[in-house]
Amino acid sequence: MDAFNYRGGELFAEGVALSAIAERFGTPTYVYSRAHIEAQYRTFADALEGMPHLVCFAVKANSNLGVLNVLARLGAGFDIVSGGELERVLAAGGSADKIVFSGVGKTREDMRRALEVGVHCFNIESTDELGSRLQIVAAELGVRAPISLRVNPDVDAGTHPYISTGLKENKFGIAIADAEDVYVRAAQLPNLEVLGVDCHIGSQLTTLEPFIDALDRLLALVDRLGDCGIYLRHIDLGGGVGVRYRDEEPPLVADYIKAVRERLDGRDLALMFEPGRYIVANAGVLLTQVEYLKHTEHKDFAIVDAAMNDLIRPALYQAWMDVTAVRPRDTAARSYDIVGPICETGDFLAKGRELALEEGDLLAVHSAGAYGFVMSSNYNTRGRCAEVLVDGDQAFEVRRRETVAELFAGESLLPE
């Protein structure tokens, strides 16, 4: 579904005009659609109906409590990578026993807290996490820690190198060539309980082949482990299903799940997925206002009140984000670079966009629901945006805008 549509010459989020949101909450503001989030989650859940499964939303994509609560109400699980994300999920009403704890840098304190609340399992990223960390922490608490090994299948996801995570040179996971030995070691540790196998080969994948290649390699490993007397209960295929930003043609989730289920036919394995971008990317826009237009001999600039500190994907990944006027004009369009107030040449949201603009116009940067606010910063001492969640014809502020005073409230001067 597309939650952002024009009505009477104006862009709406579900049943709320974006201009009304700007008037009420100001700009820049992230705007999310509850209906879109729910529809995307159900695409996964419905395709898995009839078999044991858990769809764990990747909290790193969008960690707003309002967004997490929408998913918790649907019965979603959650994929986390820090103690902070654990506390967010719990505060949002998520069930601890539906949380998988991933990440290469889990601290002992993180592990202890996760064991105390009873997470579903830890996705182990290295051998050092086993004996020298998790085994010791679990023994101190007198419990068995449920684990899954994150196996690196050495599959090229064919995506941006910063978000490709399944190659042998990446920092993530345990090399598939070493995995069997690590499983044998884990099975011998008294305070660990081996549950499954996990992999995540990258983000924003637009073909099925890398997923299926990785799955086939994991299933071969599952068979070898069975020969050793180690029987796994689940297989976690991570996230990575791409979305449409411009002209991509990502695979349908139904086709992906169908191919996976065919390969698992006859196997007693539950299926787990960790989608993030797929669920929230196109559920959100960044709403921004044109401060003024700057025309030079070589370029035309639309200087807006949002900047790279609010949305860093274009600067960091050279990501293409669609930009449209909230109230399109009938006048002649010009090619504009959409730039912010940050003191960096790399501070841009889009380049070379054909738009008819005037000072004060509102723009919507689309597909901003994933890796938007969560990657924002206070660079140039700029307060972070407000976040608004739209539910039908109502808009709710689920995060208020930061004030300048809050930015240095935790700082202090040296004594005289």
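For all residues, glycine too, the Cβ spot is worked out from N, Cα and C.
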Substrate site partner of Arg313, Tyr317, Glu344, Tyr371 (as recorded in Swiss-Prot), chosen from Arg263, Arg267, Arg277, Arg401: Arg277
Which of Gly240, Gly340, Gly346, Gly410 belongs with Glu274, Pro275, Gly276, Arg277, Tyr371 in the pyridoxal 5'-phosphate site listed by Swiss-Prot: Gly240
Sparsest-packed of the listed binding-site residues (Glu274, Glu344) - C-beta count within 10 angstroms: Glu344
Cα distance (Å, whole number) from Cys343 (active site, proton donor) to Glu274 (pyridoxal 5'-phosphate binding site): 37
By Cα-Cα distance, the member of binding-site residues Gly240, Gly276, Tyr371 nearest Glu344 (substrate binding site): Tyr371
Between Tyr317 (substrate binding site) and Tyr371 (pyridoxal 5'-phosphate binding site), the C-alpha gap once rounded to whole angstrom: 11
Intrachain C-beta neighbours of Tyr371 (pyridoxal 5'-phosphate binding site), sequence separation six or more, cut-off 8 angstroms: Lys60, Ala61, Asn62, Arg277, Ala281, Arg313
Pro275 (pyridoxal 5'-phosphate binding site) and Cys343 (active site, proton donor), Cα-Cα, nearest whole angstrom: 35
